[in-house]
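Contents: one structure, followed by commentary.
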Amino acid sequence: MERLTGRNVALLVLCLCAGYALVFAEGEKEIPVTKFGQNIAPTMTFLYCYSCGYRKAFEDYVGLLGEKYPQIQVNGGNYDPPGLNYYLSKMIFALKIIIIVSVVSAVSPFTFLGLNTPSWWSHMQANKIYACMMIFFLGNMLEAQLISSGAFEITLNDVPVWSKLQTGRFPSPEVLFQIIDNHLQFTEKVQENPDFVK
């Protein structure tokens, strides 16, 4: 078996990062499902900041809407932060994993760069568990700070009806019910024409 050298480990880490980037890029190219042939019912979508702890609020609204409007389909998901923050958080995640793997495998990235190994890196090598825990928690803190948007966005049939980012507050159930009633009042069901030739 070939001995693992620093160069081989670096190539392995590079391949893992490239694979992660390819998987990430493939996930964005999904084609949305069309609504043709489906029973079209009103659909309410909640996009919320998962790292802010708004999932519980989403579940409460789902329960309220299920009682009052059982015909409405309710979907929910994470609100991805706009702009550069999302990509920076992904880069911090990859960097965190690379550093932890380097510490655990006792590979010094400074030797690849032709630099002397700093004393703090040697200290990390001597205290691997402590160093890995600190890297993990600091990385998570930075990621959470970058992706926490404070969003709680509500759309009904792809029409925005409430934005916590704009109003600064959650809608009360009464306000949400009034918005839904007003929206459903204007949407009329398509009546089949008996004279239409099929």
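Heads up, the Cβ atoms here are built off N, Cα and C, so glycines get one too.
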Disulphide bridge to C52 as given by Swiss-Prot, partner from C17, C49: C49
Which listed residue (C49, C52) has most other Cβ within 10 Å, given these are disulfide-bonded residues: C49
